[in-house]
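All remarks here apply to the structure that follows.
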Amino acid sequence: MERVQRVLEYNKMKQQLLEHVASSLGRQKVNELVPSTSLEEVRHLQDETAEAANVLRLKGHVPLGGISDVRPHIKRAAIGGVLSATELIEIASTLYGGKRVKQFIETIIEDGHIEVPILAGHVEQIEPLSPIEKAIKQCIDDNGYVLDSASTSLRTVRHQIRSYESGIKSKLDQLTRSSNTRKMLSDAIVTIRSDRYVLPVKQEYRGTFGGIVHDQSSSGATLFIEPAAIVTLNNQLTEAKAKEKREIERILRELSAKVAEESEQLLLNVDKLAQLDFICAKAYYAKAVKAVKPTLNDRGYLDLRQARHPLLPPDKVVPSDMAIGDQVRSLVITGPNTGGKTVTLKTIGLLTLMAQSGLFVPAAEETELAVFEHIFADIGDEQSIEQSLSTFSSHMKNIVSILNEMNENSLILFDELGAGTDPTEGAALAISILDHVYKRGALAVATTHYSELKGYAYNREGALNASVEFDVETLRPTYRLLVGVPGRSNAFAISRRLGLDERIIDQAKLQIDSDASQVEKMIASLEDSQKSAQSEWSRAEAVRREAEALKRDLEKRMASFEEMKEAALQKAEQKAEKVVAAAQENAELIISELRDLQKQGVAVKEHQLIEARKQLEEAAPKLVSKKRKQVKKQAEKAKRLPEPGDEVKVLSFNQKGTVVKKIGDNEYQVQLGIMKMAVPIDDIQLLEQERRQPEKAITTIRGNDAHVKAELDLRGERYEDAMRRVEKYIDDALLAGYHQVSIIHGKGTGALRKGVKQFVANHPRVKSARDGGMNEGGLGNTVIELK
C-alpha cells in the first residue's frame, strides 16, 4: 500500500490536508492517516467528516484555537516533574480550548438543527477541569509570568525587591548627579553585572572611587564597580531574589502536582482534541476542493461523476465521468500519448484512496466508490504525471508482483500496458494480462496507445473501451473521457493540419489494409455519435438547471411577498396602536377636566366617566391581544422558547428587555431597565438576534482580566503557536475592555506580520488594523482597534 500511495501521489494530497489543521495535534493525525480496507470503518470515517461538514455549513467554523500538544508536559508532571510557567499556561490554554469546543458542540446539539452523534461522543469525554485551569491562570499570565497574586509570600518578597531596587537606584542617582563622582565615570549610567547594580568608573579612579569591582570593559579603560554605599542594599536585594525564586518554584511545584492528579483525564482530553482537529481538517479540506461524500460499496463498483484530480489547478482540470464494476470489470482507455490517459488513471486511484481514508472526494453528488482490500498501480517509474515512461523490464517486474498478490477484491491500474517492447508482442501480452486479471475477478483499468487493443473490449465479455478526446483543430487533447469509444491515433489528420503534402498522406493510407481503415471509420462514427449525445445531454441539463433556478426564484419571491404582507400588517397595527394611544391620552385629559368640573359643582354623572374609560381601554387590548397571537404564531414557527440572555419585547409595556430566568411553566423573569418583573410567555416577543453564548462560557477567565496587557509580544514565536496566541489574546483583550491593543511581531521575514494581518482582517470583533507609527514600532508592530 505504501508504494501505491507514492505512485498515486497520496502524500501530496495529505500535504494539502495539512493546511487545514488547527494544531500540531491535528498535524500528527494527518501524518498517521492511511486508507482503511474495512467497509464499516470507512463508513464511520465518512460519517464523522459529514458531521463536521454540516457544522461548517451551519456555523462557518469550529473554535479550535489555543490547543496544543501538551502530552509531554502532562506525562512529566505525572512522574513528579516540576513544569515551567510556560508549560503550565499551555496546559491551561488547552483546557480552555477544550472547554470552548465542548460548549460549541453542546450548543449545536441543544439547538437540534443537525445531528452530530460522533462529535458528541468525542466532546462527551472531554472534562473541562476548570479548577486546574483557574488555579494556573490565577498564578500565571499568558506570557508565562508568575503573578504577584500567586501567593502572599510572593507578593511580600516582590514588594521588598522593588523597595530595595528603589533604594539602590536612588543612591546611585545621587552619585551620578554629584560633580565629584561624575568626573570619575565613563558614562553617567547605571548598569548590572553579576546581578549587582554597578557604575562604569574610569580605570584611573579605581583607588579613589572605592567599592567592589565586578567587571571591566574589553579595553580595560572602564571598571564596573559596585559602590560601597549600596553593597548592603545589593546583598539584601540578592537575598530577596533568592526568596522569590524559591517561592516561585514552590508555586510551580504545587500546580504541577494538580496537573499530575488529573493526568489521565488530561491525556484523554488532548487525545479527543486531536481527533476533533483532524475531523474538522477533513471537513475544511472538503470545502476547499469542493468535495462530496461518496456512496460506498464492497462489490467493486465505481461510478465517478464529474471527478477531478485534487492536485491539478481547478481552472485547468477537466471533470471525467465513468462507471465500471458489476458486469464491466475491465476498462481499456486507448489513444495517443500526452492525451491525458494517465491523469484519468491517477484520478481513479487517488479518489479511491481518499474515500477509504474517510475523505470526501472532488466529484459531483451521487458518486459511488468501492472499498478494496488491495489497490495496485503500475504507472511509469513512479514519476509525476508530466514525466516520461519507464522501461519494459521495469513495467513487467511490477506487473508480475501485482499478479502474484491480487485477489477478487483488488483494483489494478495499468498505465501503457505492454509498452516498451515490440508493439505486436506488447499488445499480445497486454491482452493476455487483462484476460488473466478478469478471470481472477479483480477490477482493472488500463491505458494503451496500441491499436491492437481497440478491439479488445468488443471481443471480451465484461470489458469496455474508452478514450480521451483529442481536438484535431487545435492539436491539443481536451482531457474529456469518452466511455464506449476507443481512441484514434489521428496521425493523418494531425499531419494534414501541420501541412504535410496530401499526396504523401494518400500514399500512407494505401499502406493500411481495408479492415484497419474500416475500424478507424467506425471509431470516428462512434466518436461523432458520442459527442452528439453528450451535446444533447448538456442542453437537457442546462434546461433542467434553468427550471430549478426559476423554481428557487419563485419560492424566494413568494417568501418575500409574505414578508412584505406581514410587514404591511404590522405597520398598520403599529399606526393603529399609536392612534389609540393618542386618543387614550387625550381622553384621560378630558376625563380629568370633567372631574375638575364635577368638583366645581357642574353636573357630570360618574357612570358616564366610567363608560368613557371602558370604551377606550377596550380598543388597546384588542391590538395587544392580536399582537400576542402573532407572537405565539412566530414562536411556534421558530420552535424555540425564550432562554436566559435572550433580548425580548414585553408587549404590554412596548419595552425591550432581557430574559433573566424561567420562573414557571409559562412565565419568565425579565429585566426592564432597573426593574425585574414576572411576564407571561404570551406577552413576550423574541427579537431577531444572534443567540448569546451562556455566561458560564467566559466566567472562568474573569480572574485573569486584570492581568491582560495592552500589547502581545510574538517575537521569536513559531507561526502556528503565534496564531493561537493571537486568537486567545484578542478574546482576553475584549473581556478586559480594551478598545485598542498592539501585537508586536517584529520585522524579520514578514511571515508573522502577514499572518496577524490576515487573522485580524477576518475577526468579527476587530474594527481596524494598521502598522505602528514611528514611535510605535513601525512595521514590527500591528495596532488593532477593537469593536
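Backbone N, Cα and C atoms are what each Cβ position is placed from, and that goes for glycine too.
A 10 Å cutoff on Cβ-Cβ distances gives Lys341 (ATP binding site) a total of 28 other Cβ atoms nearby, all chains included. What Swiss-Prot records for Gly335, Pro336, Asn337, Thr338, Gly339, Gly340, Lys341, Thr342 is ATP binding site.
Under the heading domain 'Smr', Swiss-Prot lists 712-787.
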### Message
Taking only same-chain residues 6+ apart in sequence, whose CB is under 8 Å from that of Gly340 (ATP binding site), what do you get?
### Response
Val318, Val468, Pro477, Tyr479
### Message
Using DSSP, what is the helix/strand/coil residue split across the domain 'Smr' (712-787)?
### Response
32 helix, 19 strand, 25 coil
### Message
Under DSSP, is Thr342 (ATP binding site) part of a helix or a strand, or is it coil?
### Response
helix
### Packing count at Gly335 (ATP binding site) (other Cβ atoms within 10 Å of its Cβ)
25
